[in-house]
């Protein structure tokens, strides 16, 4: 892929400096280490270093043009270079728009569906990908766990990639034959303009509960960051349609803002204002069955997924795909073949020994609402005690620690508080913060070492008990200080179950 520089700049509304050569552009990058002849380098401001300060090096390395912000220009004025453009803030917006133009606007050709919310993004996007592919429409997936499309799969490093890389990946997915893309869109990605240049033809709002207030400071600010997904310039055009969970108060507020452009989803009894609902729901240890009702018809379904929150994920995934023109009957049939997402209510088992051992589930629940939903989902399957093992991450919203503690104490029969990803905080102080939220009289164990906490909880559990290990889910690492060390809750749980059989 190549483009002429002048046409590229004009296409996104940037002026062309008089002395700027109309070079052939071969790459768009925000990484100064990737600059070479034919590159356009966009210097993004960062928390520690302003990438715009690397403009002299980028020119030395052969960049045809460099885009920087006002702060970098004030620190290191590019007065003698026509190849350096000082663009209006936010600079990240231009990275996305320019990369999208360079790659011929892949999001407008691939049926891009964004999913945002505090909880449920990963399962909902995986559902969208699975259901679409099962209905004969090859799909791509961009999310927390991985990025994949036909012939390609790679572990994701961020929920949403930086704009230049994201546009390149969308182009790769389209070239590989993907006709629809499901993308997790985090509030950080929206606030930092990582999805600039994308045009979404559909979007889903799952819910909004306390998280990331270390970054957004207030719930109102957090909500407005999420709401950007449903407004210009990110929506494709007036034809874009949305699915919004109105059982969530923030979702109800968003639905009122969007009006008839959204289908409202609800599992509440007698919700007369929802276009997407369920009826005749029966939940059991083997999953859920019921009827799905939509503006385009209704039908029965069966799913192996556990928990009421997963029913909402199903409802929203089907709804947004109906809006994209997929047939209801085929979607309902495909639901039964979706087996779930790694680390989301994932059962850890020793083959052939199910009746002798406690039920152990690993889940990513790391917010107050997520933990509440997971524990409520577990309760019907705990014939004995419900035991909750959890911790809270360091260098993150401290306000949710006591809330999660209170929820665990209320909904579980026994609570084991342990370390999560302490990062640069004192792990013991994090535990102290959590324990402060647990009322006296709670069956409480505090154990700093997460492996020992998991092993102890499973060792003490009876065959009719259920152990929920919450917080890390799919993660195969623990962040201690600034280092990642290998750690997988599922591996630790399996070892503990095997040891229980031996001893």
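Quick reminder: no glycine exception, Cβ is built from N, Cα and C everywhere.
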Per Swiss-Prot, member of 396, 398 binding meso-2,6-diaminopimelate alongside 420, 421, 422, 423, 471, 475: 396
The motif 'Meso-diaminopimelate recognition motif' (420-423): DSSP-derived helix, strand, coil residue counts: 0 helix, 1 strand, 3 coil
Same chain, 6+ residues apart, C-beta under 8 Å of the C-beta of residue 122 (ATP binding site), given in sequence order: 143, 144, 145, 184, 341, 344, 364
Inter-residue Cα distance where the pair is residue 471 (meso-2,6-diaminopimelate binding site) and residue 119 (ATP binding site), in Å: 12
Packing count at residue 471 (meso-2,6-diaminopimelate binding site) (other Cβ atoms within 10 Å of its Cβ): 27
Env. residues of meso-2,6-diaminopimelate site, Cβ within 8 Å of mean position of 396, 420, 421, 422, 423, 471, 475 Cβ: 366, 391, 392, 393, 394, 419, 472, 478, 479
Under 8 Å by Cβ from residue 117 (ATP binding site), counting only residues of that chain that are 6 or more apart: 204, 205, 206, 207, 208, 226, 245
Those residues of the chain, 6+ apart, with a Cβ under 8 Å from that of residue 421 (meso-2,6-diaminopimelate binding site): 393, 394, 472, 475, 478, 479, 480
